[in-house]
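Chemist: The following feature annotations were taken from TrEMBL:
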type: DOMAIN; residues: 1-51; note: domain 'PHD-type'
type: DOMAIN; residues: 59-109; note: domain 'PHD-type'
type: DOMAIN; residues: 62-107; note: domain 'RING-type'
type: DOMAIN; residues: 106-156; note: domain 'PHD-type'
type: REGION; residues: 190-303; note: region 'Disordered'
type: COMPBIAS; residues: 237-261; note: compositional bias 'Low complexity'
type: COMPBIAS; residues: 262-284; note: compositional bias 'Acidic residues'
Amino acid sequence: CFQKCEHCRRMGATIPCRAAGCPHLYHFPCAAASGCFQSVKTLRLLCPEHVAEAMQMEDARCSVCDGPGDLRDLVFCTSCGQHYHGACLDITLTPCKRSGWQCPECKVCQTCRQPGEDSMMLVCEACDKGYHTFCMEPAIEGLPADSWKCKNCRVCSDCGRRPAGLDPGCQWYRSYSVCEGCQQRRAAEGAHGAPTHAPPTDPPTQTLAAPNCSEPTDVPVPPPEPEPVGCNEEMQPGGNPEEAPPGDGEAPPCEPTPVEELPLDELPLDEPPLDELPPEEPPPDELPPKEPLPSEPPSEEDP
């Protein structure tokens with residue numbers, strides 16, 4: 001019981017290799033998993049290093065092709081002791097499949113331990129063990145179309161958890177290699193992480209705000225020009241306030257007040273320009289009466 005297994009490296013190995021001078025020891029399931037040749041008739045075991053010596057044994061033959069073929073490709077049925085080539089059964093042999101493997105004639109459901117009902121038998125692609133669909137919890141209506149893995153072989157490739165650490169009703173995806181939670185996370189990352197190519201936007205154009213308007217107009221800004229004469233609201237010389245256009249009485253902003261121009265032949269010639277008019281004088285009616293000047297003697301200096 002203090003011997004170490006050559007396959008799992010744990011103590012308790014009791015089955016030795018029968019090749020002369022070989023120190024390898026195995027547990028029974030580990031011997032099958034490692035690819036050792038086991039003979040039920042002779043109760044001998046040969047490790048993978050000495051499997052060529054099995055050619056001398058009479059049971060070193062495949063039950064399908066009835067030949068030795070590649071001895072490393074032989075798998076041992078733990079129920080009947082027959083050997084089968086993995087190529088003859090169209091299965092890829094792995095340590096998981098070799099350990100506790102059962103041939104098609106001996107395969108039983110791992111839940112009820114009963115054979116039969118082959119049409120309702122699910123076979124795990126990882127360990128090649130069988131399960132009745134009606135023995136599953138919850139029961140499965142029919143055989144799945146794609147590959148299937150049992151609960152002992154399901155391991156999430158993202159989080160590394162097994163069914164024992166998940167909700168019993170957890171769904172599996174991608175050939176039972178991704179759990180439900182990780183599949184939802186993948187879908188969310190795919191939705192938000194996809195790059196979105198937005199169309200290039202035009203450079204912002206400068207807007208010229210119209211005077212006394214609430215909304216800007218999207219027109220290019222012209223180069224600054226000198227302000228037109230007459231933008232103020234004061235009447236220009238010669239203007240007539242009574243001839244302003246009808247409306248609210250105010251000229252539109254930034255527009256010169258219209259000034260009537262008289263033809264040259266109609267201009268009054270006897271009137272001085274407006275700029276040279278003398279200050280207004282009261283009408284003659286309102287002028288104070290002139291007082292007579294006192295008579296002064298003529299000065300001597302006057303001629």
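Glycine too: its Cβ is placed from the backbone N, Cα and C atoms.
The shown structure was predicted, so the numbers you read here are calculated from the model rather than taken from an experiment.
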Chemist: Do you know the DSSP helix, strand and coil residue counts for the domain 'PHD-type' (1-51)?
Modeler: 10 helix, 12 strand, 29 coil
Chemist: Just give the helix, strand and coil counts over the domain 'PHD-type' (106-156), going by DSSP.
Modeler: 6 helix, 7 strand, 38 coil
Chemist: Give the mean pLDDT for the domain 'PHD-type' (59-109) on the 0 to 100 scale.
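Modeler: Taking every residue of the domain 'PHD-type' (59-109) together, the mean pLDDT is 89.
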